[in-house]
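S.K.: What follows is a structure written as structure tokens; I'll ask about it next.
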Amino acid sequence: MSDKPLGAPAKSPTIPASPRRDAWERVTTVPLVVLGIGFVVGYSIFVLVDSSEGWLEPTLVSVLALVWLTFLVDVVVRISLTPRGYRAHFIFTHPIDMFSVILPLFRAFRVLELLRQVPYVSGRTATAVRTRVVIYAASYAVFFVYFIALVVLNAERDAPGATITSFGESIWWACVTVATVGYGDAYPVTTWGRIYAVILMAGGIAIVGTASATVISLLNEQIAKARAQGHAALEAAQRAEEVARAAGADAQQAQAAGDAAAGRAIGAGPAAGHAAVKEQAASEEYVDPAEDPAVTGVQATEQPLIAGTQPLEDPGKGHPELEEGPPPPTTLNP
């Protein structure tokens, strides 16, 4: 079974736009907020101020009835301007508007419509959504406690055996009840007082649950942000380590290449020298000393006459005066 409203198009899971209803809401939002404020003030005067004078109570009752009638007309018009097939969906998605017609408590909540006009609160970011939830929860809690205290006081103060007979006692009872602690010194005894007490208990559970969920959401977001920052820092450190390793490997490869080149240069030096000597020796004409005439002549003259003795040297060798013989005799002239 489809959960869409009866007769609604299958492709549209939400309420389609209604220009006439949107125009009506734009025109009536501010006046209804003003009426909501007037209702809170008028009801506060009705409950807290002594209306012993004959004209005050009828006047306040007339004003409050006029406000209620205005809210009723607003709800009827908005439902009638909603496309057919979506009106039930509109009723279920606007509970405060519907309850404001039945219970005066919810008419005071129309004042909170002003929060929708604040740009920061109406944003779609996570911070704006959280801020909107916190502001709405706090505002509803304040209005809730205050207005429940008023209506319970109005229902209880003249009842026999009532324990809530003043506004201070009513506020105290509302605060301990909405906080889900319940002190027990004050409690409603009338039927309407107990009905409002049940509403306050349910609202207290919702408010406490919303506050807890908001705090948990904030903590989870902070933890997720811290984890993301930690992961980013870890990834940055890993990338830096990889870069350092790559640089070290490149340096080692460069050093190894340099050492290899130097080794090749050192090893090629002697080999090149030996090759050069061999080439030079091969290019020169080799002469056997035994076949060299100059060497053989010297060796022949240096052969000893007697074996085992050294050859005699020519005494005149190296002395030209001895090689030419003795000088001629000198003659004396008379």
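Including glycine, each Cβ sits where the backbone N, Cα and C put it.
Residues annotated as transmembrane segment in TrEMBL: 30-49, 55-77, 133-155, 162-183, 195-219. If you look up TrEMBL, you'll see 144-219 marked as domain 'Potassium channel'. Taken from TrEMBL, the feature region 'Disordered' applies to 277-334. Feature annotation from TrEMBL assigns compositional bias 'Pro residues' to 325-334.
A description of the local structural setting of each listed feature is requested, covering burial, neighbours and distances.
M.R.: Among residues of the same chain six or more beyond the transmembrane segment (55-77), those with a C-beta under 8 A of the stretch's C-beta atoms are 24, 28, 32, 35-36, 38-39, 42-43, 45-46, 49, 97-98, 100-101, 104, 107, 110.
Shown for the domain 'Potassium channel' (144-219): DSSP residue counts in helix, strand and coil, namely 54 helix, 0 strand, 22 coil.
Residues 47-48, 141, 144-146, 148-150, 152-153, 156, 189-190, 193, 197, 200-201, 203-205, 207-208 of the same chain lie 6+ residues outside the transmembrane segment (162-183) yet bring a C-beta within less than 8 angstroms of a C-beta in it.
Tertiary proximity for the transmembrane segment (195-219) is limited to same-chain residues at least six positions away from its ends with a CB under 8 Å from its CB atoms, namely 103, 105, 130, 133-134, 137, 140-141, 144-145, 148, 151-152, 155, 174, 177-180, 187-188.
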